[in-house]
Amino acid sequence: MIAANFLLNLFLYPILIKLFRRRRIGQYIRKEGPDLHGYKEGTPTMGGILFVLTGFLFGMISKTTTMVLLGMFLFFLIGFLDDFLSVVRKDSTGLKTYQKALLQTLSALIMLLLIRPETNVDFFGFTIEMGKWYYLFALLVIVGSSNAMNLTDGLDGLAGWIYVSGSIPYWFFLKERGVSEDILLILGAGVLAFLVFNSKPAKIFMGDTGSITLGGVLGTVSVLTKTEFYLVLFFLIPVIETLSVILQVGSFKIFKRRIFRMSPLHHHFELIGWSEEKIVAVFTVFNLVSSLVVLEIFGVIA
């Protein structure tokens with residue numbers, strides 16, 4: 001099924017790209033973004049719609065946990081709506097920040113009410129009972145994961161390669177713990193096919209349809225498998241990207257000074273002269289090494 005999903009996406013993406021170009025479903029570049037990105041204006045977007053829908057299909061066939069599929073569907077709707085509004089309005093805004101946050105929070109709450117997870121967490125081998133506070137923690141994990149992947153999706157190929165570099169080791173880690181979440185690999189196969197057309201110069205972008213969904217799935221899987229803290233190490237780059245935004249905003253509001261030339265962090269490296277290809281390569285290797293270190297520490301690989 002993993003290979004089938006890869007081949008299906010590889011076959012369908014050229015068709016989707018032609019269709020989106022014909023329908024002028026293109027990316028609008030935000031004005032506050034780097035000037036270097038001006039040439040990307042009009043590149044087909046919402047490309048995540050394909051690997052998400054095929055992932056959902058093969059996920060159902062592989063009997064993926066219903067809650068994971070539900071989470072995928074809910075976050076897909078948010079990402080799709082955001083991209084759809086951007087295309088219709090012909091600007092980069094889409095949903096407003098508070099609207100997106102509200103929808104993500106509501107989706108996560110629905111998930112938690114249905115999952116009713118145990119209220120303890122595994123803090124790298126130490127079990128901590130959080131009681132009712134766990135629900136707030138889990139809410140932050142799911143919404144935070146969704147936003148972190150969304151923030152990472154700012155360069156050609158970056159979010160896709162980060163997902164692949166983290167999800168495959170994460171799957172092995174869960175397998176070692178007796179949990180099978182094949183949806184991670186199924187989605188990864190679709191993302192790999194997408195990367196054939198998303199690597200610089202990108203012929204299509206995943207849009208929020210893809211990035212918000214990928215992050216939502218990761219957050220949901222971590223809550224279901226009680227691996228919330230481990231998820232951070234398998235996807236360290238999205239965490240760092242998110243922290244760079246928080247630090248940048250906080251520093252400017254409090255001290256009226258910026259820490260980075262621009263946030264998220266990948267834009268900072270762009271503005272100091274790194275090429276997109278170099279940033280994507282360095283970030284991907286960093287994320288992969290972090291993931292492999294986790295596997296080594298916890299005895300998954302000898």
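Each Cβ is built from the backbone N, Cα and C atoms, and glycine gets one as well.
Sequence annotations record features per position, and here Swiss-Prot assigns transmembrane segment to 1-21 (among others).
Outside the transmembrane segment (42-62) by six or more residues, the chain places 1-2, 4-5, 8-9, 12-13, 16-17, 20-21, 24-27, 68-69, 72-73, 76, 79-80, 83-84, 86-87, 182-183, 186-187, 190-191, 193-194, 197-198, 202-211, 213-214 with a CB less than 8 A from a CB of the stretch. Taken from Swiss-Prot, the feature transmembrane segment covers 42-62 (among others).
According to Swiss-Prot, the transmembrane segment annotation covers 68-88 (among others), on the basis of sequence analysis.
Long-range contacts of the transmembrane segment (123-143) within the same chain, counting only residues at least 6 positions beyond its ends with a Cβ under 8 Å from a Cβ of the stretch, are 71, 101, 104-105, 107-109, 111-112, 117, 216, 219-220, 222-223, 228-231. According to Swiss-Prot, the feature transmembrane segment maps to 123-143 (among others).
The feature transmembrane segment is assigned by Swiss-Prot to 154-174 (among others), with sequence analysis given as support.
The annotation transmembrane segment is assigned in Swiss-Prot to 178-198 (among others).
Taken from Swiss-Prot, the feature transmembrane segment covers 204-224 (among others).
What Swiss-Prot records for 229-249 (among others) is transmembrane segment.
When Cβ-Cβ distances below 8 Å are used as the criterion, the transmembrane segment (279-299) is approached by residues 155-158, 161-162, 165-166, 169-170, 172-173, 176, 200, 230, 233-237, 266, 269-270 of the same chain, each at least six residues removed from its ends. The transmembrane segment annotation in Swiss-Prot covers 279-299 (among others).
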Chain residues outside the transmembrane segment (178-198) and at least six past its termini with a C-beta under 8 angstroms from it: 1-3, 5-10, 13-14, 17, 47-48, 50-52, 54-55, 58-59, 62, 64-65, 68-69, 72, 156-157, 160-161, 163-164, 167-168, 170-171, 204-206, 210, 214, 217, 221, 224-225
Close approaches to the transmembrane segment (229-249) from elsewhere in its chain (Cβ under 8 angstroms; 6 or more beyond its ends): 121-124, 141, 144-145, 147-149, 151-152, 162, 166-167, 169-170, 173, 215, 218-219, 221-222, 258-260, 263-266, 268, 283-284, 286-287, 290-291, 293-294
Contacting positions for the transmembrane segment (154-174) when only residues 6+ beyond its ends and CB under 8 Å are counted: 180-182, 184-185, 187-188, 191-192, 194-195, 198-202, 206, 210-211, 214, 218, 221, 225, 227, 230-231, 234-235, 237-238, 264, 266-267, 270, 276, 279-280, 283-285, 287-288, 291-292, 294-295, 298, 300-301
Remote residues contacting the transmembrane segment (204-224) - C-beta distance under 8 A, at least 6 residues beyond either end: 13, 16-17, 20, 27, 40, 43-49, 51-52, 65, 67-68, 71-72, 74-76, 78-80, 82-83, 94, 104, 107-108, 111-112, 115, 117, 138, 141-150, 152-153, 159-160, 163, 167, 170, 174, 181, 183-184, 187, 191, 194, 197-198, 230-231, 235, 238
